[in-house]
């Protein structure tokens, strides 16, 4: 379970997050929506323990994220798979190597890499591109690789930051289908997005931020079937 | 896996790699030569310190019993090292050997004109004056002298003192030069690794977000620096070795009979092997220090 409890985060005089409260249960599919600068990405950084809240607490499975010792943070971060708007792929490594690097980071033995990488690459529909470099991929394909890398270590939570921001409608829709499939397998999926049409189409719980404040939460357990 | 990554970083930036390896090679080339120079100067010093330094020329009327008593007395003296008795005949032989290029000189003299002597070394040259004064008082001693007179010095004490000073200067100069070069190598390695980290900043950020530990991120960078160090040490050492192998016969011949460098191949390679081992350790320490500082600065 993820809980933001009276969380505020300021950068100098600028309040990026202002007294935000919400809970996300295991297995939920949640959109965090809002315009650019609303504080969506700051929430991700707070959840990953990159930023410490100026006030309040971010709690992950009863653990206060801000109190996790620096040495333990890498192990905590492995519980959360992150998908970025700009994909953040390693440009000098192939698709397969980009996925395998997550396995290496997680300390998975090398013998398992091929099998596990194949599994997720197949799941995201990009196994035939395994030997290509990121520069040889389309935006949609790169985003699939980013998703495959986030999934390969089997984290409990997937946090995607504007995963469809750089994609056309059709590709974005296909990526959303993937997130839906992943969620059906029991993973918690949190998507930060300002893509209203996608959010409306998915019809999932929406936490809406505006200028750092939580302005609307459609509530727990109100997932609707697509 | 980390080694594979490190090697791929090296392949991708060959000029940075060459810069790092060149500086390290130069450092360890000079370090090897200086280490051999320090060894050689030490050998010269040991040679002069341990050879017979004092000769007590005996009166012709000295009996065998008196000579034996004096020899026994000297043997019991803690300040005295090895003692040997040189007969008149042996002294004549030494003279003949020393004048072998002009045999006429030997023909003009007979063994009877050479005094028998007791030659001995001192455990420390600071006792020289004291021991010489004491031995002069012995009834059977005609006169006392030193065996060496290199460069016009009055006695061996001066020779050894001069050698000690020279050796000290070689050591200080050598160590200072190696320290400066080591410092330069350290900085160059730090800059090269710093550049590498700057170009990898995006990758480090991604790895951080994926949950990579500090060790996972540092490992390829540190390994890359260690590879540079090992290659640099090896090149510097091999070039110095080739130079020494080429020059050693001439050096040994020139300084004969002082064993300035080991004549035995096994001892020679043992000496060079020990130097290589020490350089390798220093090289790895430079690599570890330089790369860890560079990584910690970049991740601050």
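A Cβ is built for glycine as well, from the same backbone N, Cα and C atoms used for every other residue.
Given the ranges B:128-155, B:268-295, the record in TrEMBL names B:268-295 as transmembrane segment.
Transmembrane segment is the annotation TrEMBL gives to one range among B:21-40, B:41-60, and that range is B:21-40. Matching B:168-195, B:196-223 against TrEMBL, the residues noted as transmembrane segment span B:168-195.
As annotated in TrEMBL, transmembrane segment covers the listed stretch B:225-248 rather than the other ranges in B:81-104, B:225-248. Proximity of distant same-chain residues to the transmembrane segment (B:168-195), defined by a Cβ-Cβ separation under 8 Å and at least 6 residues beyond the stretch ends, is recorded for 13, 16-17, 19-20, 23-24, 26-27, 30-31, 34-35, 37-38, 41, 221, 224-225, 228-229, 232, 282, 286-287, 289-291, 293-295, 297-298.
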